[in-house]
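Sequence annotations record features per position, and here TrEMBL assigns substrate binding site to T121, D195, E220, K250, D254. If you look up TrEMBL, you'll see G286, E287, V288, G289, K290, G291, E307, N410 marked as NAD(+) binding site. Annotation source TrEMBL lists compositional bias 'Polar residues' at 1-12. What TrEMBL records for 20-29 is compositional bias 'Basic residues'. Residues or ranges marked as compositional bias 'Low complexity' by TrEMBL: 30-49. Marked as domain 'S-adenosyl-L-homocysteine hydrolase NAD binding' by TrEMBL: 255-416. Taken from TrEMBL, the feature region 'Disordered' covers 1-71.
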Amino acid sequence: NEKWNSQIQFADQKQEFNKRPSKIGRRSLSRSISQSSTDSYSSAASYTDSSDDETSPRDKQQKNSKGNGDFCIKNIKQADFGRREIEIAEQEMPALMALRKRAQGEKPLAGAKVVGCTHITAQTAVLMETLSALGAQCRWAACNIYSTQNEVAAALAEGGFSVFAWKGESEDDFWWCIDRCVNVEGWQPNMILDDGGDLTHWIYKKYPNMFKKIKGIVEESVTGVHRLYQLSKAGKLCVPAMNVNDSVTKQKFDNLYCCRESILDGLKRTTDVMFGGKQVVVCGYGEVGKGCCAALKAMGSIVYVTEIDPICALQACMDGFRLVKLNEVIRQVDIVITCTGNKNVVVREYLDRMKNGCIVCNMGHSNTEIDVASLRTPELTWERVRSQVDHVIWPDGKRIVLLAEGRLLNLSCSTVPTFVLSITATTQALALIELYNAPEGRYKQDVYLLPKKMDEYVASLHLPTFDAHLTELTDEQAKYLGLNKNGPFKPNYYR
């Protein structure tokens, strides 16, 4: 099955690539759209591709089997496929399923009207159906123009959700879908679930009065959280917001454990490279860098690290990596991986000095780390080898292999384990419950971290999967440590 999945995925990506150049002309990217929402993101096995039918979903009238047409997706007929995808995802998302069981009786989100803007994949579908089981009404759009799994969107629409999304939207479609979610007669959202901050941005721009009814915003991405802190600083944030991006479980899973698995996956799928004995430089030794280095070292690569922060640099040294400046090793390394979250980490001067066949890729959030624009000059030749793989050739015949045009490697070229997304989705669900049910005045108009107790609860819901058994404190031990027996066990600043 695995093999079949990957073949479907490559076929899907080839078609997506062939169609992209024609779209780019029509799509002038405005500054307001967050970069992550246009980053190409392949969903595991999307059976569907937009090439089977060129009419825009906006021009089609579709209804589900119950005669409801309050949605806009590619093709409602694919709902059965999508349902199967969702059922597979449910098996790897134990915590959400446990949450449904525990909270179905009391419906903690009864009366909640959630408007959401996230990647629309089988995993998000499990989250949406959980919110619905907990009593919420949901309307949803995609936060990325490439990442929607059309068949999953169809299954959601068939299940009665108002979903506005399809794979390969134009930028105009992107904002139109968000608007259709928000601007509805007789329905007003009271909670926002956002990934990247575009939905929040749109409501601020178009419907600022809606914030009178909104109890809070839950935001899961680095970019979106950054935008919220900017609003807060400027005194423009008029509702409480929950930053789930920086909760400990999400940070560790999304950045450290996820990248430890997906870095090898992304490189193998695109280049079939052998890692043993290869010299690799990893720029940045934060959570993502640590994950990448651990995986590469285990495969027998010789790993160098660059870092600006002396604490992270010392950690790299203690973990057995050579700490270098990029210009000291750029001529000899076989692979360059960026994960700093900064810009211009690998500039043209370094690209010029790389050896023939060097693989260059980015694991950081946005596509600013590798200066790809500097490679689009007349003397260099670009050859597309396969989906997401380009050879850039110098006049003397030297070539480098650039992956995903410097965009996020693991979202563009491979997949993210469902279990990792389970952690994120459970955190989002609990943050929504917390903000929605909080008594007046507990949260002011500011950005908050998820309470430590909730973070520990997310972790505990995932333990049964591993048949893991937690030790309980005795009353005497709890008193000795000055803790409550049920937690929280660590201070808020503990990572």
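Cβ from N, Cα, C; glycine included.
Automatic, uncurated: that is what TrEMBL annotation is.
Among the binding-site residues listed here, namely T121, E220, K250, K250 has its C-alpha nearest to that of G289 (NAD(+) binding site). For the binding-site residues G286, K290, E307, a Cα-Cα cutoff of 10 angstroms around D254 (substrate binding site) retains nothing.
Less than 8 angstroms from the CB of E287 (NAD(+) binding site) sit Q251, K252, N255, L256, C259, each of them six or more residues away in the same chain. The binding-site residues recorded for this entry are G291, E307, N410, and the Cα of N410 lies nearest to that of D195 (substrate binding site). A straight line from the CA of G286 (NAD(+) binding site) to the CA of K250 (substrate binding site) spans 14 Å.
If you draw a 10 Å sphere around the CB of G291 (NAD(+) binding site), it holds 24 other CB atoms from the protein chains shown. Note on K250 (substrate binding site): other Cβ atoms within 10 Å of its Cβ, all shown chains, come to 23. For K290 (NAD(+) binding site), the nearest of the binding-site residues by C-alpha distance turns out to be K250; the candidates were T121, E220, K250. Taking the C-alpha atom of V288 (NAD(+) binding site) as reference, the shortest distance to any of the binding-site residues T121, E220, K250 belongs to K250. For D254 (substrate binding site), the Cβ neighbour count at a 10 Å cut-off comes to 24, with all displayed protein chains included.
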